[in-house]
Structures are given as C-alpha cells and as structure tokens.
Amino acid sequence: MARLGLAVCAASFHLFLLLASTSSLRRAPTEADTANHARRTAYHFQPAKNWQNDPNGPMYHNGMYHLFYQYNPHSALWDIGNLSWGHSVSGDLLNWAALDTALDPTSPFDANGCWSGSATILPGALPAILYTGIDASKEQVQNVAFAKNPSDPLLREWEKPAYNPVIALPADVPGDKFRDPSTAWLGRDGLWRIAVSAEVDGVASTLVYRSKDFVRWERNAAPLHASRAAGMVECPDLFPVAERGEDGLDTSANGAGGVRHVLKLSVMDTLQDYYMVGTYDDAADAFSPAEPERGDDCRSWRRLDYGHLYASKSFFDVRKNRRVLWAWANESDSQADDVARGWSGVQTFPRKMWLAKDGKQLLQWPIEEIETLRRKRAGLWRGTRLGVGAVQEIVGVASSQADVEVVFKIPSLEEAERVDDPNRLLDPQKLCGEKGAAVRGGVGPFGLLVMASGDLHEHTAVFFRVFRHHDKYKLLMCTDLTKSSTRAGVYKPAYGGFVDMDIDDHKTISLRTLIDHSVVESFGGGGRACITARVYPEHVATSSSHLYVFNNGSDAVKVAKLEAWDLATATVNVVVGDHHGLVAPALELEPTRTTQ
C-alpha cells in the first residue's frame, strides 16, 4: 500500500470515526444471523442475512467504493413487494461495511418494490440513481434519486423527488416488462442517454432515452437492439472498451478510433448473460455488432460466463482506470435451505474486463486486490508429468478457501477425440455432461478436483478436453457438478463452453480457480472462458476439503506451473468488534486519495 500523507491519515481517521459512530451501520448480528456456516463465503460479497440478487449502481466516489444490490430486508426469499436497495461501502473492494438501505418502497411510484437500476456521477460530483419502481398499480416505471449530501463519503441518505416517475410506462409496453435503466452516458451533443429493457409489441427490446437534465426523458424512435426470438431481456449494459491495452474507459467515452463498445444483455428465458462487441454511433443511437453472423437473437452471442451467473453490472473504476464487473450467483439448492441458512445469494468476485486482441471477445480476470488476501502458498510445481489416470493432491493450502493458478502443457494433440458431426459442437454444456471428468478421453479431461472429500465421493471437476473436427482443434472447458454433493435436492449440472483460442499454436492452457466454500469461479485461457458454480458438499460438515490435479486422458500432460494459496477471510458486511457493534479496526475504509 502506498504511504499516506498526513492529510490522508487525518481523513482516514475521520472516516473511521464516522463508521464507528453512525447509526447507519448494522449492529453485530446474532450467531444465527451471521450463519457461521461451512457454506458461507469468506471473501465474496453477501449481506449478513436475508435475500440479495442483482448488483446495482456500483461506483467509486470521494475515495470510496459503493455497491448497491437488490435486497429483501425481511426474509431470505425473493418478495416482489419488499425489494429495497441494500448499500455497502469499501476502501478496497474486499472488505465491506453495510449501511442502512439506500432506497425503500415508501412512495406511490415505488410502493411495490425498488427494483434494479444504475448510478451515474453528474456534473458537480452529484451521484444520481435511476431505478425501476413497481408503483401502486404494480406497473414498472423509472425513477430518479439523488444523494442528499454528496460530500458525505458514505452517501448514507438519498432523496426521491416527488415528481417521479421520470419515465412512465410506454403505451406499447406491458406493465411488467419495462425495467433496469443502465448507467447514463453523455453523447457528443451534450444529451444524457440510458438504455432500458422492455418488451415492445412482443419483441425483446433495448430502448434508448435521452435527456438534457436527467429529469425529462425522451425515447429514441429506434431501439438500440431488438430480438423477436429471445424473450424478455434485462439489465442492459452498454460500455466502451479500448481496442488496445487493458485500461478501462469512462462510460461516456466515444470516438471514431481506438474505441469499441460492448452491449451486454441478461436473458430471462435462459438466465444467462450474453454480450457482443461492436461499434456505437451516438448520433443515431445505433449499435453495429462486430460479428453480425451471430444474428439478432442475443442467445447466439458470446456468453459472459458459462455457469451460474446472471444480471451482471459493470462500472468504470476511475481510481485504477479499469472496468470492473459484478454479477449475481444465486443459490442452487432449495428455498427451504435458504430459510434455514437465513441468507441467499452472493455476488461473484469483482472482475477486471478488457478487449482481447482479436477485437471480438472480452477477457475477464479477478481484480488484483485478491492477492492481498493470499497467505500460505503450496509448493510450486514445475514440469510435473501427469500420466494416464493420475490424481495428485495439492497439499499445504486450505482447500475450501483458496486461489489456484495452473498452466498445463500438452505434448501432442494426436490423440484428440475426433468429432465428425459438427452439430455435437453446438451445445458445449451438453457435451460436458456426456464427456465428464470420469469419461476417459484422448487429450483430456485434465484439470482440478476442488471441494473434494478424502475418498473423492464428492468433488467438483474443473477441466479441459480437446476435440478435433476435420483439421481444426476445439478446446472445451467444463465445470462438472454431478459429483459435487451427495445431497438430494441440489442442482448439479455440468457447465461448459469452448475456449476461443488456438490450442494448436502453443499447446498450453492456463486455468485459475477461486474457491470460496460454496462458490467456485474458474477462468480458462487467461480469462477467455469463465465458469461460475455453486456447490454444496456434505463432507464439509465433518471434515476438511481436499484439492487435486488430475488427468484422465489417454495421453500424458505436464503441469508447466502450479501455485496455490490460502486466502484470508475478508470482512464482508458482518460487522464485528465490541458488544456495541463497532467496525473492526482491520476494516480498511480509508479514502484512497494520495498526497505528494
């Protein structure tokens, strides 16, 4: 951490006093509230208790990170009429303090719920929130709220003007299909723009609205995107990316050279997030995809994640000049389990996103702050040969709370499984189900067995397998949950996607996996393919988990490099300290300004 100047130290101490004394902080939960449970995460974002779903309005303001989220303050279950905006603050995107809810359903224009939306920093450093309200007639309308005191580092109070809604339900849109306003961007004509999801005359549409003052909005005649086949889409996110390099761009960035745009949509029918890279013309408010052959049906676009991820939301982190992604990872067991735990839903670990060199796909990687949680490291492996059927344990790390990075070297692709029917390659998830980790292959399956019991009766397999179709090789990445738990009533699919890279070129493939009790996030090929999974092994109630590297192919593979670390537990919304519920001194929430 950079050395802080005297002024910053004073500001940090002042902020600590604010946090320690404010009534907005939630008091220390009871033992039942905290759900000190083997499946509760240690460094993923989740409230101390109750239901959460979509991430809303992430932003960096006055030296603090803010994350809002869909939250039911009264229950661990989703409830249409009780959704509020939860609110937490952080100095490092790792440790979080929970504040009082920012928005509650208290007005006629949101009487039946404060649903998803976004935050925008207006001129004069005024934070504004646009969100969907379910009004007294149970119709979806778009509302605005402003920070009551923009100089408050915690932004504890928000005002909802009486003139809401700022966008009423359009006549050609059903009352229950008009929601999720995006972060606003400023066009070169000086007008603000937002994207809103709607179903217009039966067509899934991403509408564009313009405004001079952030209060009076006019709809653009043509939608930004429309798909007759996709069904209702949600949580639109339009953002710029640099054509070269990993730096992020402000949401309003535009220009003829050096900038592309990404349109991300969440599809209700599949509960998956899809995106397309392209160009955006702010004069016509038109988006042109870089891969038009994928068609208008966004279900044929690229997947943001091939696993259990939905309703993602990105923001530009001006502090570190990067674009950061959040997303909801719902539970995969039953509502009865949610009630018994007292909580439901986590956010994926924040990811940095940037454009790959091919200009067509995004790369995603855990933000660098996670490295500050690394503690004990397992022995470094280099050049270890994994023969046919090899299963080797990675010892020396707490396997239920770890960060694992491994690079596999494939000596030869000659034994890659041949696929004559190209239709078999159209559904990678189905292929992962048919060709699981236990099914002997040619080149692969090889990878990791995580959250495994000592006898391997329970394990989650994260692996690769190479196929050959004519003279081209296809690299499949899978997360197989079929053996993840012996419990009944748990959703245990095999997730999968193809890694868009030329495996024939270098014959190496990297895998990084974050393990956090019930969450397993994996990044293949340097972040070209990502898979998020929720797992619920039974053995954790009585014994420790194990971590293995394996190869079940008919050809040997090499572990060119393997490193694994224990990860420390972050302080995430569960307020700890003395009996008064004060913030723990270890919770770093100082403003991140620097002085010379």
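Here the Cβ of each residue, glycine as well, is placed from N, Cα and C on the backbone.
Quick caveat, the model's predicted, so the values are computed rather than measured.
Annotation source Swiss-Prot lists signal peptide at 1-24.
The number of other Cβ atoms within 10 Å of the Cβ belonging to Arg179 (substrate binding site), over all protein chains shown, comes to 23. Taken from Swiss-Prot, the feature substrate binding site applies to Trp51, Gln52, Asn53, Asp54, Gln70, Trp78, Trp115, Ser116, Arg179, Asp180, Glu234.
Around the Cβ of Asp54 (active site), 25 further Cβ atoms fall within 10 Å across all displayed protein chains. Secondary structure at Asp54 (active site), as computed by DSSP, is strand. Positions annotated as active site by Swiss-Prot, on the basis of similarity to another entry: Asp54.
Residue environment of Asn82 (N-linked glycosylation site) contains 19 other Cβ atoms, counted within 10 Å of its Cβ in all protein chains. Per Swiss-Prot, N-linked glycosylation site is recorded for Asn82 (among others).
The feature N-linked glycosylation site is assigned by Swiss-Prot to Asn330 (among others). Around Asn330 (N-linked glycosylation site), the same-chain residues at least 6 positions away in sequence with a Cβ under 8 Å from its Cβ are Asn53, His308, Tyr310, Ser344, Gly345, Arg534.
In the three-state DSSP classification, Cys432 (disulfide bond) falls within a helix. With a cut-off of 8 Å between CB atoms and residues at least 6 apart in sequence, the same chain places Leu476, Cys478, Thr479, Asp480, Ala494, Tyr495, Gly496 near Cys432 (disulfide bond), listed in sequence order. Under the heading disulfide bond, Swiss-Prot lists Cys432-Cys478, citing similarity to another entry as support.
DSSP assigns Asn552 (N-linked glycosylation site) to coil, not to a helix or a strand. What Swiss-Prot lists as N-linked glycosylation site is Asn552 (among others), and the listing cites sequence analysis.
For Trp115 (substrate binding site), the number of other Cβ atoms no farther than 10 Å from its own Cβ, over all displayed protein chains, is 27. If you take the C-beta of Trp51 (substrate binding site) and look for same-chain residues 6 or more apart in sequence within under 8 angstroms, you find Tyr71, Asn72, Ser75, Ala76, Leu77, Trp78, Asp79, Asp338, Trp343, Ser344, Gly345. For the pair formed by Asp54 (active site) and Gln70 (substrate binding site), distance between Cα atoms is given as 5 Å, rounded to the nearest Å. Under a cutoff of 8 A between CB atoms, and with a sequence separation of 6+ in the same chain, the neighbours of Gln70 (substrate binding site) are Gln52, Asn53, Asp54, Asn56, Leu83, Trp85, Gly86, Trp115, Ser116. In this structure the residues listed as binding substrate are Trp51, Gln52, Asn53, Asp54, Gln70, Trp78, Trp115, Ser116, Arg179, Asp180, Glu234; their two most distant Cα atoms lie 20 Å apart. Looking only at the recorded positions Arg179, Glu234, Asn552, the one with its C-alpha closest to Asn82 (N-linked glycosylation site) is Arg179.
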